């Protein structure tokens, strides 16, 4: 009788586990919550064969609310499936930045590698071209410093360095190799993911790392290949330009004696042959990645300390969040005296205006001078650090007249960064020009509205 009871309980648990898997896959939050309230241990259930847990399904499908529910139920955040992939890897693979953000806040291990290719979450994000996910995974390694790019390019000094910034740890993380010696930069360059290439280069990715022959990886380009070889194989001209601008040598040969130009011809990538055939004239200057303007290290730490997940608590401030007009506020604002819930603060500093290839270079030998002069360069600046560990927002005296999240787009021209805060009222008759508030350097222009056409 005891044996039959045990078997019955086993089958019942399996059936409930499959229901939870379906709820996690389909985004049924109500069903998932009911099942976990009935039996919290169901969060540890994994499917037969693939060994994918509900956490994996929620991450792969982008259901961050269900994923938070599973994590709060005590599930192991670094569970692996049969390929050795964690939920963080799958979220990076499919580009679900909100899931990545949640996992990072719960201290997911960013160093785990999968069993098949030895790739980390950074490799998955770079391979599939998800720069926001890439930036979030590296949030704890990139400091919130206004002169970060200068520090990376010219080295840091005692005056401008931060105690929590480990340059060597960041460079080691960005240049971590998967099987065959593939770095995230190799993968992003091969697939033509310009934003990822730009961000990785700004974070210290090496243009001289080469692949190796390890006997397990199929390398159709050849061992000893640099990221420029891979960019040539992929045929993306902008990726090639970025790598060359950061010091990649066009004459370097891999183990087969092939230069990047020879690789491009072998794969019939005619569009990059001219770029790879001669050294550019003069110094090529590139703009920093817009994702580096996001001070995620500080906002992540504040969110962890404040317990961002407990948003159902009664508000502790007089006014609700200035962005969503609801929720408890835990991030203070300077100047306008507004307060923000951590969820809205994380949203604002985790999204970015998507740049195009025309915005990556200036004073470049590949661009037409007249065209360069008229283009506005994209930046995204939402927050920046202040010594008191508070974050400074700049917003109107009144609450934004938008019930949902604020669009995050900005343009920088002549050192002035323009940040859209709220749409103009409908009765103005001009819906194409949003109301903008200016930052000059790190100080906001006090309550001055600037209009530019985006």
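Using N, Cα and C of the backbone, Cβ positions are placed for all residues, glycine too.
Noted in TrEMBL for the protein shown:
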| type | residues | note |
| --- | --- | --- |
| REPEAT | 50-82 | repeat 'ANK' |
| REPEAT | 83-115 | repeat 'ANK' |
| REPEAT | 180-212 | repeat 'ANK' |
| REPEAT | 223-255 | repeat 'ANK' |
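Helix, strand and coil residue tallies for the repeat 'ANK' (50-82), in that order: 17 helix, 0 strand, 16 coil [DSSP]. Across the range of the repeat 'ANK' (180-212), the DSSP-based residue counts are 18 helix, 0 strand, 15 coil. Mean pLDDT across the repeat 'ANK' (180-212) comes to 94 in this model. When the repeat 'ANK' (83-115) is classified with DSSP, helix, strand and coil residues number 17 helix, 0 strand, 16 coil. Using DSSP to sort the residues of the repeat 'ANK' (223-255) gives these counts of helix, strand and coil: 17 helix, 0 strand, 16 coil.
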